[in-house]
Amino acid sequence: MMEPPQTRLMINVFIVSFLALLVNLVVGVLGADNYSRDDFPLDFVFGSGTSAYQVEGAANKDGRTPSIWDTFAYAGYAHGENGDVACDGYHKYKEDVQLMLETGLDAYRFSISWSRLLPNGRGPVNPKGLQYSNNLINELISNGIQPHATLYNFDLPQVLEDEYGGWISRDIIRDFTYYAEVEFREFGDRVLYWTTVNEPNVFALGGYDQGNSPPRRCSPPFCATNDTMGNSTYEPYLAVHHILLSHSSAARLYWRKYRDKQHGFVGISIYTFGIFPQTNTEKDRVASQRARDFFVGWIMEPLQYGDYPISMKTNAGERIPAFTNHESKQVKGSFDFIGVIHYTNLNVSDNSDALKNQLRDFTADMAANIFGEDLFSNEEYLITPWGLRQELNKFKLLYGNPPIFIHENGQRTASNSSLQDVDKGEILHGYIGSVLDALRDASNIKGYFRMAFPGFVRVARWIQVSFGLYYVDRDDPQLKKIPKLFCKNGTTGFLKGRRTSILDLFELEQDPITCSKSPIIFSKISKWVLASLLFLIQHKIKFMWREPLPGQIPLKLVMF
């Protein structure tokens, strides 16, 4: 018996509605689905990056002196690892640049070793250190790759740490400004993008509150270690205060003496999270905003408005330094761009009871419980690109829509994991799609840097984790670099103009060797939706959508 037309119509409407809902779900979760390099502005750059200590090696050669990273590693706090060899970028920079060229990168973000360039922290320049940085920069430019240089990435010369305590002393402002001028003078004719300090918020918390990264200062009961050197209740605030003053001193020096001749830009990078309330209660919503004040506003509010967030000043009291009127004016507006570092999201609940404690550190002052990824785990991050889009929109709304580079993003895997890294492709596809969505929201994003190139040594508690586009064979005397699957078939293809979609990732996972297309059985839309559904189920992803952006479907979907 034939079905009545009304029944068939209702069935068709249901199928179409279901498919539309699923499409909206997947695109909302993973960001823009089908896109190519051509969908981004012409001046938008795609790059990768790393840091000097994690990639250069040659730690004891050609005049370089120890940094606080060396001291940390040699003391046994890096699970037996150190940066003595790393990826041997000091000797293999030409090979690395050729790999960048083959990958299709527009830009390379790297840091310069302070103790290699200025072995005494200040004073005479080391000719060998100068030559290495010049060689790297020239090699990049000769291959059409834009250099983005970071002045400081956790590697203060140990001599300055020994002399006056490094970042907890105001003397650092003088020495950092001197160091910055050496870099501007020597390399500024070719380097246009300068990041003064990499993720000062994370550096301060790890180095001065928990003590699990250099310079390993903390005090009980807040230490993650057995050390008792330092004071966790105020040193994180003091270190960031001096970082902000050092940054602004260097930025204004550049603007005053070099910008008109070199036409470059100075910024700073910040580690961010997508921060969402654990429940819909008023207390948790307020706590999530307070957590963002502490993580991001700690750096951005002085740069944008000249002072720390009110919540920080209220909860930390006299333990957080105050800016003088002159310092406030110097710090306010002292950036041309902001580097955003983003990997994952956090959920937050209120913990105002922590404020009753007389002895408090940064975490207690924040008065919030944090739920989310274990930053020291080998487990892969959940795929949560909507958090990045939300964060980019907050920069637009709260801080005047500054020029932004995504300075770090990527997926962590065990360092000995398979080269068939389709999971990295999934997260990269989602996050680049989220950046494209944010651009369409009118966020002022200038570039996206994947972490890391080629790979790097993680000298901290998370040593077994790799973020690299290439696998570096540490057992090979030549440190052979092998491209991972998605680098070969995803990143390179996208950067060279090929369109990418979630369907490509599904097909790549089904046939990672040939990346061949499966037979066309369904219509294009049905096949795309099927791939999307299988993608969501197969990977047992847990999505929690707490504060949807306008036009998106609010939901809480927990799968397995």
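Using the three backbone atoms N, Cα and C, a Cβ is placed for every residue, glycine included.
Features as listed in Swiss-Prot:
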ACT_SITE  GLU199  active site, proton donor
ACT_SITE  GLU408  active site, nucleophile
BINDING   GLN54, ASN198, GLU199, TYR343, GLU408, PHE467  beta-D-glucoside binding site
DISULFID  CYS218-CYS223  disulfide bond
CARBOHYD  ASN34  N-linked glycosylation site
CARBOHYD  ASN226  N-linked glycosylation site
CARBOHYD  ASN231  N-linked glycosylation site
CARBOHYD  ASN347  N-linked glycosylation site
CARBOHYD  ASN416  N-linked glycosylation site
CARBOHYD  ASN489  N-linked glycosylation site
SIGNAL    1-31  signal peptide
TOPO_DOM  539-560  topological domain 'Cytoplasmic'
Can you tell me the CA-to-CA distance separating CYS223 (disulfide bond) and GLU199 (active site, proton donor), as a whole number of Å?
20
So which recorded positions out of ASN34, GLN54, CYS218, ASN231, TYR343, ASN347 end up within 10 angstroms of the residue listed as 'active site, nucleophile', measuring C-alpha to C-alpha?
TYR343
By a three-class reduction of DSSP, GLN54 (beta-D-glucoside binding site) is assigned helix
Validating a neighbour-count step here. Other CB atoms within 10 A of the CB of ASN231 (N-linked glycosylation site): how many?
18
When DSSP states are folded down to helix, strand and coil, where does CYS223 (disulfide bond) land?
coil
Rounded Cα-Cα span from TYR343 (beta-D-glucoside binding site) to the residue listed as 'active site, proton donor', Å
13
What count of other C-beta atoms do you get within 10 angstroms of the C-beta of ASN198 (beta-D-glucoside binding site), across all chains shown?
25
Cα-Cα separation of TYR343 (beta-D-glucoside binding site) and CYS218 (disulfide bond), in Å?
26
Cβ-based isolation winner (fewest other Cβ atoms within 10 Å) among the active-site residues GLU199, GLU408:
GLU199
Near CYS218 (disulfide bond), meaning Cα within 10 Å, which of GLN54, ASN198, ASN226, ASN231, ASN347 (recorded positions)?
ASN226, ASN231
Count the other Cβ atoms sitting within 10 Å of the Cβ of ASN34 (N-linked glycosylation site), across every protein chain shown.
14
